[in-house]
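Okay, so here's the structure we're looking at.
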Amino acid sequence: MRPSMMRSVRTALSRGQILRRDYSVTSGPERKVAVLGAAGGIGQPLSLLMKLNPLVSSLSLYDIAATPGVAADVSHINTRSEVKGYVGEENLGEALKGADVVIIPAGVPRKPGMTRDDLFNINAGIVKSLCLAIAKYSPNAIVNMISNPVNSTVPIAAEVFKKAGTYDEKKLFGVTTLDVVRAKTFYAAKANVPVAGVNVPVVGGHAGVTILPLFSQATPQANLPHDVIVALTKRTQDGGTEVVEAKAGKGSATLSMAYAGALFADACLKGLNGVPDVVECSFVQSSVTELPFFASKVRLGKNGVEEVYGLGPLSDFEKKGLENLKPELKSSIEKGIKFANQS
């Protein structure tokens, strides 16, 4: 690399231009973000990325173990936010108090051979207990659910909040941003266009066939052949499995999920701060279909969800995909609701 180019890279890094390229570049009001599960595979890189976000003034990191070390490490980064680490259930309330946004990557990741039922059996209880604490200590916070299976954990959270009398459907989000990130990446490669200018809405849910990328609405429109669209759709749906298998038992899509989670949290913070026209796809309470929860484009604002957008025109392939995903998504939603109401 030429010396002049090296100097440019060093300058960009020192200013945070490369690391923060997708973030807001100006600070705003005091905002506290809590990450529940901050010492895990997603939680650690997510905590790092949130520390880089200038919209965050206070970063609260919680887990059942190892959080003080993660917090100490992240706290040395020379950005705006003050970092505090909390460990153990007895400190969860303090971690949550005053939070504007709560991000939940807690739970176990998927391993080779694990079904989403296996994930549910472990993560459902974790999510339920965390949501009970949120209802008590930060009932007005925006909640970003990352813990899988999102198709079930979001309904669990909704039921917990309803029982506690704190449910606000505008403030509960299932984070499906990774599906969008993947769809953009895969589409850009096939269309041979710069990925930075690509947009692809992804609707439905956040698992397997319930993930429906709307490549017919992709911009810029590349008019890809039908067989390529089918393959891109399948790859987007199986993106998590692709990473799990590539890591061969050593992890799941932790880094890309942390990136996607940080992007969505940034969008929520922008919305809270009054930035206009912040639109992302997310799994929310919805009347777009007959299902009570559904992922589609959502406009974010000071109240969380300001508007849930319809699906727009679908290709015949997408219409078929929509009908095919509904039974599985319905089953996952009902499973979450049933679990939440069992006790």
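Residue numbers in this text run from 1 along the chain shown.
Glycine too: its Cβ is placed from the backbone N, Cα and C atoms.
TrEMBL has this to say about the protein:
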- His206: active site, proton acceptor (ACT_SITE)
- Gly37, Ala38, Ala39, Gly40, Gly41, Ile42, Gly43, Asp63, Asn123, Ile146, Ser147, Asn148, Met257: NAD(+) binding site (BINDING)
- Arg110, Arg116, Asn148, Arg182: substrate binding site (BINDING)
- 32-174: domain 'Lactate/malate dehydrogenase N-terminal' (DOMAIN)
- 176-339: domain 'Lactate/malate dehydrogenase C-terminal' (DOMAIN)
- Could you measure between Asn123 (NAD(+) binding site) and Asn148 (substrate binding site) for me? Cα positions, answer in whole angstrom. 7
- So what sits near Arg116 (substrate binding site) in its own chain, CB-to-CB under 8 Å and at least six residues off in sequence? Arg110, Asn148, Pro149, Ala207, Gly208, Ser332
- For Gly41 (NAD(+) binding site): intrachain residues, at least 6 apart, with Cβ closer than 8 Å: Pro109, Gly251, Ser252, Thr254
- Query: According to DSSP, how is the domain 'Lactate/malate dehydrogenase N-terminal' (32-174) divided among helix, strand and coil residues?
  - Reply: 66 helix, 28 strand, 49 coil
- Within 10 angstroms of the C-beta of Ala39 (NAD(+) binding site), what count of other C-beta atoms is obtained when all protein chains are considered? 22
- Query: Which whole-number value in Å describes the distance between the Cα atoms of Gly43 (NAD(+) binding site) and His206 (active site, proton acceptor)?
  - Reply: 19
- Compute the C-alpha separation of Met257 (NAD(+) binding site) from Arg182 (substrate binding site), stating it in Å without decimals. 10
- Task: Would you mind checking how many other C-beta atoms are within 10 angstroms of the C-beta on His206 (active site, proton acceptor)?
- Result: 28
- Sparsest Cβ surroundings (other CB atoms within 10 Å) among the binding-site residues Ser147, Asn148: Asn148
- Query: Which value does the mean pLDDT take for the domain 'Lactate/malate dehydrogenase C-terminal' (176-339) in this predicted structure?
  - Reply: 97
- If you count other Cβ atoms within 10 Å of each one's Cβ, which of the binding-site residues Gly43, Asn123 has the most? Gly43
- Counting other Cβ atoms within 10 Å, pick out the least crowded of the binding-site residues Arg110, Arg182. Arg110
- Message: Within its own chain, what residues at least 6 apart in sequence put their Cβ under 8 Å from the Cβ of Gly37 (NAD(+) binding site), listed in sequence order?
- Response: Gly43, Tyr62, Asp63, Ile104, Pro105, Ala106, Gly107, Ser147
